[in-house]
Every structure is written in C-alpha cells, then in structure tokens.
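Here the structure comes first, spelled out in structure tokens, and everything after it is commentary.
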Amino acid sequence: MVAAKIAPSMLSSDFSNLASEAERMIRCGADWLHMDIMDYCTFIFIFCRHFVPNLTIGAPVIESLRKHTKAYLDCHLMVTNPMDYVEPFGKAGASGFTFHVEASKDNWQELVQRIKLKGMRPGVALKPGTPIEDVYPLVDGENPVEMVLVMTVEPGFGGQKFMPEMMEKVRALREKYPSLDIEVDGGLGPSTIGVAASAGANCIVAGSSVFGASEPAQVISLMRKSVEEA
C-alpha cells in the first residue's frame, strides 16, 4: 500500500512571504512542498524565449527556503537540460528531483544516477501528449526512478482545468506498479480528487485549490482522506 502525500504547489503561494507560506502549509497538514522550476519564464508563470542562463525560481530560492523548513521539497523541473541542474539543486537542499521524460530520452540512466548521488529522490514526469509507455523503461531499469508524475494539465501555468482523460495513464501505472509513488499535478481540488485517487494516484499536487481556500487545512484533509479511502 502506498502512502498519501499531499503537496501544495508553492507556485500559487505568496512569493513575498515564501518561508511563512511554507510553514503555513506544513501546519495545515501538507506532506511535501511542490516547487515548479521552469527555464522558459519571465516571472514564474509567463513563458518567453530562453535567453538567460538563470531561473527565476531556481537553486538560490530552494537554498533560501531550506533554511526555514525541514519539509520535503518536491522539485519538478520543466527544463530543457535537467542534467545541468542536478548539482546546484542537490547543494541547495532539494529533496526530490523530477525531470521530464521528453527532455531526457537519451541520457536518463546517467541522470537518475547523478540525482541519487546528490542525495535526491529521482522522479520522471510526462506531459499530457506523451504516451505512458515512454516512462516504463525508467521504472523498470536497473537504476529506476522512484516516482512518476502524470501532468493533468499542460505544464507552465497554474489554474488550468483538470484533464480527466489522463487518468487512463494513472490506472495503467498503478496496475503495472502497485507500490510506485504516482503523482498528479494540475487542476486538483475537492471536485477532482476522487477521480484521481480512484485511478491510483497517491501523491497529489494542488495549487489554487489549497492556497485559494479559506480553510486550506480542510482541503488538504479532504484530499488525504480521498487517497486513503481509495
């Protein structure tokens, strides 16, 4: 049996009070803090041409936040060259390092090995248009990833509508890998958690549905209950 893990997406938090927002989420019952890392952005949400070497939210932000929390920092890297970020994120204190299969088809074995050597937990993510079969080799390999993140929206923007058709991917993963951590990200909230949990997802990323709620602890509790009952 896999444990429920609720991960509020800090992309939806108040960035002027990131440390206090992280503390608030942990007090509300969060298991992880989900950190979205993008290399095609101007200010977290808005895509532009990638013409500078630095991230708007990158290793320095992770390092700063780590000084204020012992929480599991679940880092989702939506970047072109994930290998470039393993060392700085390891040094910064990232707990999990989830890269996209679309960006690592040729070097994922070495990438996973480096992630583990830096003390982080490797995961692989896939966009809605990517076949679920593309991640099977990464789970079946001699040095496998430890989590699969199924995107239930197109990555890059918060507040998008949940894509229920992605649950077929979750079901296929859960049937094939009963003990695997399966994460879903995008449009998760009280109205969609039941579908995701029933399909087999146990790691739930939720942004606006948590940070926008008057009682975030109740939303986190509801999502945890849905996963545990499923």
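From the backbone N, Cα and C atoms, a Cβ is placed for every residue, glycine too.
Model, not experiment: these values are computed from the prediction.
So that you can see what the record holds, here are the features copied from TrEMBL:
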ACT_SITE  Asp36  active site, proton acceptor
ACT_SITE  Asp185  active site, proton donor
BINDING   Ser9, His76, Gly156, Phe157, Gly158, Gly159, Gly187, Gly207, Ser208  substrate binding site
BINDING   His34, Asp36, His76, Asp185  divalent metal cation binding site
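Ranked by how many other Cβ atoms sit within 10 Å of their Cβ, the binding-site residues Ser9, Ser208 place Ser208 at the bottom.
Counted within 10 Å of its Cβ, the other Cβ atoms near Gly187 (substrate binding site) come to 23, all protein chains included. Across the fold, the C-alpha of Gly187 (substrate binding site) and the C-alpha of His76 (divalent metal cation binding site) stand 16 Å from each other. Other than His34, Asp36, His76, Asp185, the residues of this chain whose Cβ falls within 8 Å of the Cβ centroid of the divalent metal cation site are, in sequence order, Ala7, Ser9, Leu11, Met35, Asp74, Cys75, Thr98, Leu149, Val205. For His76 (divalent metal cation binding site), the same-chain residues lying six or more positions away in sequence with a CB closer than 8 A to its CB are His34, Met35, Asp36, Ile37, Thr98, Ala125, Leu149, Asp185, Val205. Using a 10 Å radius centred on the Cβ of Asp185 (active site, proton donor) and all shown protein chains, the other Cβ atoms total 25. Every protein chain shown contributes to the tally, and the Cβ of Asp36 (active site, proton acceptor) ends up with 23 other Cβ atoms within 10 Å.
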